[in-house]
Every structure is written in structure tokens, then in C-alpha cells.
Ligand SMILES: [Ca+2]
Ligand SMILES: [Ca+2]
Ligand SMILES: [Ca+2]
């Protein structure tokens, strides 16, 4: 006798053709512009006035300084590709008056101060277990690596520019992870050695060599992500030059664990150019929560992922700046990483939570190099583990960065057992699938973790999922078109539920080949 089909079952799939186809975070800047030790300016020239003849006295650019104030200004250097001169002014001069005079020039687009930025760093006096951050339940980085490996994804080469104090390039756990194009913007040479320690720690958190039986593991694990060390001092002009260099080198991610209180339009412009060219920019929120708690830059510019710090109890660190620009938090206390002396040490501060997030961005780009900064923000913000007040708040931002959930948005979960359907061939490039069930579905489980399309390497194809009006069917529509002549699989995870909370006995997999 034939058994009756009982329980919650998947009954049919129908093809529809769619209708269309970083001392401690102190700043040397307080208040009066004329009371500073150094007076430096950034002079940005107008593009069309740029290509002048070189003069004997100054070289290109500076001859366009108005005669009246020419003697008050001394050229320090030129950021050639950016059409910017860095100059110093005699300390006795009234800086604001000089700026006013400069702004009168028809050759000059704008003048800003070359302010000092600080590396955000906290005293190294707390000890925690080795790398608690990577094992934090929200981070669980080894699981994220496994998910990527399971589907054979994560094969792209990725470069993370670390704009910082340099790097210990012979450190045992970093030596194989350094991009040879590193540069020193203080001395304008290729000496990227780190005498501070800050940059070496940041680099280790992102990309320390993993599974080599020594030292620590980096957030990017064994995936092919290297560090481009861009050594800077404290002048914002050096940082701007480094960003510009990172753009030229077409890096994937920029980590800036430093900042200051002053909004610098030229810096913001450099960052927006980086973002426009597809580079994700991640910066530290700062460590002055109890010393003014100002929104610092560059973290607070638009399109920059601003990262705060949390401790092992998942509380926002006492020092971590909170404001409307904070996007995410990550481990930033007792962070064990590579040190400038070739050994390892504990570090504290938002400088060290930032590279966790930069590392996750790099990991996502090993899966899909084409992800835009906006798409990466969307993935990280929507998958972050919400903490504190419900929803986004000024302490945690969107929450604790969650690499496992972030990776799941890109790769299908590898299931051992499927109810498999034989391949359908010659499926049109622009079609949607309708999946029918014998019971009404619980809509809360209908999402792209449970119903999705993957390519041959297991990478998810962005799709729209909707519940049919009778609640007994799901429609899945690809947003991006498939590639022609390729194999894809439609996966229905057994975790989807009927209204009576019954699940499928097995996950369903149906493979198809596009026309
Ligand atoms: Ca290691
Ligand atoms: Ca932001
Ligand atoms: Ca929250």
C-alpha cells in the first residue's frame, strides 16, 4: 500500500520566465591656531592652474604664492600627484592673515592647516588570555574560515594598506605577509621599519601568518591577504599622501588607527576618492571617551567604517569614543599581537579593534573582490550582533562585528545531505523560481540564509525572496543576472518551517545550467 505523504514537504519547483530580463590619543591641537609649536599649511592648487613651469627658487607650484606674503612662507614639500604644497610659516606671523591672503590667489583652490594626528594607543597594563578576541562567540573567526573553505571560496588576493608607524618587516609572523610596495611618507623613502610598535601590532591583528606553528593568527587566517605598510608620522598631510598612494596601488582595504579632532577637507576628499575607487576605509573611533569624547577624524567622515572597542565581557571599553558615527565595535582590550622587537605583546585601544574589522573586510574580499565599500558596510552593519540599546546606538554602533554571519551572506552553508534533483539545463539567464509546499510557511524563516542560489564555488547569487500570497510558496528572483553556460544550485535549507513549526526532513538542492 502506498504511504500517504504526510508532514511538511516541499512539493514542486516551477520555472517562470521573468517579465524582463593608534602616545595616547591626545591631540596637540587645542584652540588658538597661533599658539602652536609648528605652523604648517596645506595649499591646494586649482587643477587647471597646475601645470606651471618650474622656477629656480621653489620648483613647481609655490611661485603662485602672492608676492605680498611670499617671504613669510617656506616650502617643506609637494604632494605631486595631489597638486598640494606643504609649507611652513614664520612663527611670528599671524596664520589666519596668511591664509586669508593665500585664499585671494586665483591659483589656489583652498588652504588648510596641516594638523597633527595621533596614533590611538592605551597603556599596556592589562593582561588577558591570548587572543580572546578571535574566539569571542560573536567573532568565532575559525568558523568563518571553515565556512569559506567548505565551499572552496576565498581565492582572491587581497591587500590591506596599514597607514601607521610602519612594520617590523622581519617579524617571524609577518615576514611572509608584507607587500613589497610599502613606503615611508615621513622620510620619503622605502624604510618602513617600525620603531614605535603600533603599526606592527595592527598588522599582526589583520594578517599574522596563520597555521605556521608560531605566534598568533591573523583575522584573515590562511587566506591570501597581505599588508601594504604605509609609514607616517603625525602630520595629516603624510596620511593624505599615504591614502593617495594606496589608491594608486589599488589596495582593497585601508586601516587608519589614528586621528584627531579637526575636520580636514583635503583628508576627507582623499578618503572619498579611495571609497569611489572601491577601497573600504576603516578607522578608529578614538580613546577619549572620558576626555571630551569628540567625534574624531578620519573615523567620522562619511563612508568610513568607524570602529569602537569592547572588552571580553562585551562591554564597550571605558575609553572608547561614542557618537553618532560609530559603526561597529570589536575586541580592543588585552589584544595579543606582534610587537616591534620581534616578539608579542598586549595592546589596548580602538587602534586594535579597528584592524579586526579591517581584517573581516579583507576576508569578505577574498570571497568576492567586486564588493563595493557600500556593499561591505551593508553586510557588516546588518549582520553585526546588536548590543546595548535595541538597534543602532552611539556606543556599539550597529553592534559587534560578526564575521560568521557576514560570510554567510556570501557563501552557501555546506550541507552534507540534500534531497537532490537532477539538473535542469538551458535555464534562461533572467528567470525566477517558484517553490511550492504542501503547508503554509512561517514567514519568519523565509530569508536568504534558508533559500538561496549559489554558483559552482558556493558563492551566493544576490536574489530577492518573497512569500506568495497563499503562504504556500516562495518566489526567488536573481537581482544580478547569471552568467551564461554556468552551473548553479537552488538550495532550500531544511530549517525553513511550516506555520505548525515542522521542518523539512532534508535540505533540497536543485542544480541548473544556464543557457
Ligand atoms: Ca602565526
Ligand atoms: Ca561610518
Ligand atoms: Ca544596539
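Placement of Cβ uses the backbone N, Cα and C atoms for every residue, glycine included.
As recorded in TrEMBL:
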- 164: active site, charge relay system (ACT_SITE)
- 198: active site, charge relay system (ACT_SITE)
- 351: active site, charge relay system (ACT_SITE)
- 156-399: domain 'Peptidase S8/S53' (DOMAIN)
- 426-514: domain 'SbsA Ig-like' (DOMAIN)
- 1-23: signal peptide (SIGNAL)
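Of the recorded residues, residue 164 (active site, charge relay system) and residue 198 (active site, charge relay system) place their C-alpha atoms 7 Å from one another.
Mean pLDDT of the predicted structure over the domain 'Peptidase S8/S53' (156-399): 96.
Taken residue by residue with DSSP, residue 351 (active site, charge relay system) is part of a helix. On the backbone, the CA of residue 198 (active site, charge relay system) and the CA of residue 351 (active site, charge relay system) stand 8 Å apart.
A simple way to gauge crowding: the CB of residue 351 (active site, charge relay system) has 35 other CB atoms within 10 angstroms, across all the protein chains here. DSSP gives residue 164 (active site, charge relay system) a strand state. Look at the domain 'SbsA Ig-like' (426-514): DSSP puts its residues at 3 helix, 46 strand, 40 coil. Using a 10 Å Cβ-Cβ cutoff, residue 198 (active site, charge relay system) registers 25 neighbours.
In this structure, residue 198 (active site, charge relay system) is part of a helix by DSSP.
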